[in-house]
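Taking it in order: structure first as structure tokens, then the write-up.
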Amino acid sequence: MSEYLFTSESVSEGHPDKVADQVSDAILDAILAQDPKARVAAETLVNTGLCVLAGEITTTAQVDYIKVARETIKRIGYNSSELGFDANGCAVGVYYDQQSPDIAQGVNEGEGIDLNQGAGDQGLMFGYACDETPTLMPFAIYYSHRLMQRQSELRKDGRLPWLRPDAKAQLTVVYDSETGKVKRIDTVVLSTQHDPEIGYEELKNAVIEQIIKPVLPSELLTDETKYLINPTGRFVIGGPQGDCGLTGRKIIVDTYGGAAPHGGGAFSGKDPSKVDRSAAYACRYVAKNIVAAGLATQCQIQVSYAIGVAEPTSISIDTFGTGKISEEKLITLVREHFDLRPKGIVQMLDLLRPIYSKSAAYGHFGREEPEFTWERTDKAAALRAAAGL
């Protein structure tokens, strides 16, 4: 029987790129809490002893950006110079400009050529769902995130006190080529930053027994499953001291782990007038409801936009041969049941709220948090009825 391998990865909240994402989204949330219609594109760079805040912000909100950045870094766990990055001791620079008026006139309702709220930029976005996991996410990315959440949990509650904030996980999964179903887990890679005193064998055993095995389905772990734990043998220097971190550099971790295409636009630090974020969330909402409705077991949707224009310039759907109805009919149903204009997306998903900090680590999709309206399946019954199933 033929098989194939597929791999996805996740990173912890202490990974330098994720530190940057979380600072950017904390800034966004602090602004939206006061000014829901603010325009925000908040970028962050973190390096040894340094946090740089830059981008474009137009708002009436009064926010202490430096305080927000420090509090976010401290919450993640970088609160000591021993870790190479200290929330209280690092220098924080603020370099925000206002949004270009040329862009603003295309986004503001009643201005520009299209009097509806136009898209904040051109671009293409994808959404995806499948029936491999309870939250309708691909297996490898779903469980990679769970491994990283487990690492964080054991670090913060003190059960493994030698853990430090920076970590990465990677899963290689074996699929049955005929059924497309997961057969077993081939390889688990987990690298975690640690205190210098911990011995390698103790660390390896603790990671396998206390992080990996409680998370991964035991029936998919076999005698042949390979465990690669801190493969270099040492991971003491990490976080922003080990690597420079930038907002928007973990876009595959943020989405589907490579199981679906990505349009290229990052999420964190962007208010929902930016379709890079809001339309990608809407696409996930559409795809998840199609799968939840039983109209397909796998669904990928692409939409595209032009700056200043409200209606999408294209909508396409691929169900990879699993659809119960034609893809043309699915597109018709999507147009009937989902408003994919920028303002429609914001209203449909209630996006003008300070809800984004939680999304900035462990994936924007596949986590059924109360704030994550794009993970609801409240359109599934209507879609199924309209499809005649």
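Going from the start of the chain as shown, residues are counted 1 onward.
Here the Cβ of each residue, glycine as well, is placed from N, Cα and C on the backbone.
Taken from Swiss-Prot, the feature ATP binding site covers H15, D166, A167, K168, R234, F235, D243, R249, K250, A266, K270, and the record attributes it to sequence analysis. A C-beta separation below 8 Å, combined with a sequence spacing of at least six in one chain, links K270 (ATP binding site) to L28, V40, A41, A42, D276, R277.
Under the three-state DSSP scheme, D17 (Mg(2+) binding site) falls in the helix class. Around D17 (Mg(2+) binding site), a 10 Å sphere centred on its CB holds 22 further CB atoms from the protein chains shown. Positions annotated as Mg(2+) binding site by Swiss-Prot: D17.
Marked as K(+) binding site by Swiss-Prot: E43. Listed in sequence order, A20, S24, L53, A54, G55, L246, T247, G248, G269 are the same-chain residues six or more apart from E43 (K(+) binding site) with CB atoms under 8 A from its CB.
For the recorded site, K274 (L-methionine binding site), the DSSP three-state label reads coil. Residues annotated as L-methionine binding site in Swiss-Prot, with sequence analysis given as evidence: E56, Q99, D243, K274.
Listed as Cβ neighbours of the region 'Flexible loop' (99-109) (distance under 8 Å, sequence separation of 6 or more from its ends, same chain) are residues 39, 41, 56-58, 115-121, 273, 307-308, 342-343. Swiss-Prot lists 99-109 with the feature region 'Flexible loop'.
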Number of Cβ atoms other than its own within 10 Å, given for K274 (L-methionine binding site): 23
K274 (L-methionine binding site) to D17 (Mg(2+) binding site) - Cα separation in whole Å: 21
Cβ neighbour count (within 10 Å, all chains shown) around R234 (ATP binding site): 10
Model confidence over the region 'Flexible loop' (99-109), averaged pLDDT: 71
Candidate binding-site residues D17, E56, Q99, pick with smallest Cα gap to A167 (ATP binding site): D17
R234 (ATP binding site) versus binding-site residues D17, E56, Q99 - nearest by Cα: D17
